[in-house]
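Features as listed in Swiss-Prot:
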SITE      111  site 'Important for acyl-CoA specificity'
ACT_SITE  142  active site, acyl-thioester intermediate
BINDING   163, 192, 249  substrate binding site
SITE      192  site 'Important for substrate specificity'
ACT_SITE  235  active site, proton acceptor
ACT_SITE  237  active site
């Protein structure tokens, strides 16, 4: 089944060029199917690029997915036209009384910013508190993982001395876990973060189950036993060129970044990179939609089962 989006969203034409089945809202109204309602809180600066990445992954499920985009930062964006935000994004007040099957909270380039210095930190806390009673399952990505661990579990910000950037190998810990069903025993995924996620920290201070980690003991994928919250510390949604764009941006800014690990062929930034994580990213999102959202969400969202404690 396709994803459902507003007719004029730029991602419609972009994804159709990749043979992705996108159904405009005007056509979807003629189908007697209860789609999954998924809300995306997009915290990334280049919002259109991020929309394309997540919509691509959501589109590969056999389930029909109705996507709504949420913003909580009222400041003028330097990377996304205000017309786009006004046309395709809702504010929290627009949806605070609604229920959703799923919520995705994206990453954000805030790894070196203290939580209380984040301009929209109060709004982040508000959304996470609201989600306990209004969302069946929430998926946190990269920086959002760090924010959620602080808000939900009181874990202080853990920061690496150097940025972790590259494509790293991970291994699954529970072969029969639903979120990793169909995963290879070892798989690759991109990372781009200052945030640090030692697996020992997650085990010692939360009741979350770690499902995949690196050989160095960094947690990559973990979730609550009731499937209400899931965390992925990398960026499985990234395009093949995203890490390269970040690298060259930092080079131009005079930051002397390290070449992303295991990314450029022959470790040469002049050779175009290839994505080695695409199948993993697709399977992760299919599993989340199926086992963490579809299998446990009520048919009538008015019968949402609160609350996440």
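Positions of Cβ are set from backbone N, Cα and C atoms, glycine also.
Sequence features, as recorded in Swiss-Prot, placed on the structure.
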residue	record	contacts (Cβ under 8 Å, 6+ apart)
111	site 'Important for acyl-CoA specificity'	143, 146, 159, 163, 193, 194, 195
142	active site, acyl-thioester intermediate	106, 107, 108, 191, 192, 193, 195, 232, 233, 234, 235
237	active site	50, 53, 54, 56, 57, 141, 281
249	substrate binding site	none
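In the three-state DSSP classification, residue 192 (substrate binding site) falls within a strand. When secondary structure is read from DSSP and collapsed to three states, residue 249 (substrate binding site) falls in the helix class. Counting other C-beta atoms within 10 Å of each candidate's C-beta, the recorded positions 163, 235 are led by 235. Around the Cβ of residue 192 (substrate binding site), a 10 Å sphere holds 21 further Cβ atoms from the protein chains shown.
In sequence order, 109, 165, 243, 246, 247, 250, 257 are the same-chain residues whose CB sits within 8 A of the CB centroid of 163, 192, 249, the residues recorded for substrate being left out.
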